[in-house]
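K.L.:
From Swiss-Prot, for reference:
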BINDING   119, 120, 121, 122, 123, 124, 125  ATP binding site
């Protein structure tokens, strides 16, 4: 960890705890800052705040009192999930207090070079693929960021022989100033998190912050399957390295079933350890990064062939009497489910879909679900999903919850079929998050096997 003194004896407010806020508070305290933590959860229900208080860090819980900002803070570090419309943040900005996320802190102290990965879909899988390939090549890829390990925590233990492989959300990237990865990846850009950003253009601008400090000596890996992303290529100082499954590019690309990097075959597409056209894109992004880091083709091929996926992202769960179960609970939008289905023969798929009703119809999904063996539909959005199934001519049954849906899907499947949980909806109508939903699917599959 780099020892820096820019926060020494400076008053810093950490707004919001969770993993990233807790890590930021401890780091700032270690760097000599005078830290105050403010979290909305009551103290008695807030183990993180209790621990920080025991460590001598000032905590204010149970709300966000605006008068707290009457103190002269030099900096605010906010939890990424707290929107900039929050009154505390608005007041801080009005007073000229810089507002950062802990990703910026991680950059400032990191001795390790940083590879940053952002995008709408595929971030976690691509981040994990890159980390595993670099580690296999002896470059020790340390996963951090939005993938579940606070970047500022991992940066404290990283040496210059490691590589920080950071998954970065738009929320995190809104709060960076000096952040400067040596390689950045944008997997794709789709309209999402508009409730947070207000406009798609604002969401894209937040993602684009990843390259703000990059120079021609740095590499920006972009998905040229998308015209929007391709158009952005002319707006960066970084050296652009494209990847595409649709055209031959000066980077990583798919041609005749083979994955190439600048004219050289790296591996066959069907050798990737996880199915789906989206995973071909993820693999191409990984290949581009790996080749920029001088990883040999054999190491890339062996690692991506053995790659088992990421939990809740088209994760193979089990095989029961010839029926394979896949957990794709992370597919919380139509595009993600479309990509999941692209990896299978529809006639052998029983799809479990439905969840939180956000008011959108599923007409875009009709071509992708046409020809499915059956569907099991559940959740608030069930009526809308059923309308799409009717248009596609797919028979369906309804379920009360994930356990019920999994059992019914298994009853409808026969040897050689696939039961695919890929809801195309968020989980919040029934479950706290997509992880809980996916875990219940996994647990039910285990019960069916007993």
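Placement of Cβ uses the backbone N, Cα and C atoms for every residue, glycine included.
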K.L.:
Just name the winner among 119, 122 (the binding-site residues) by count of other CB atoms within 10 A of its CB.
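P.N.:
When each Cβ's neighbours within 10 Å are tallied, 119 tops the list.
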K.L.:
If you count Cβ atoms within 10 Å of each one, which of the binding-site residues 121, 124, 125 comes out on top?
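P.N.:
That would be 125, with the most Cβ atoms nearby.
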K.L.:
Can you give me the same-chain residues 6 or more apart in sequence from residue 120 (ATP binding site) with a CB-CB distance under 8 Å?
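P.N.:
The answer is 187, 188, 189, 190, 192, 335.
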K.L.:
So if I measure Cβ to Cβ from residue 123 (ATP binding site) and keep only same-chain residues at least 6 apart in sequence, which ones fall under 8 Å?
P.N.:
117, 146, 147, 167, 168, 169, 187
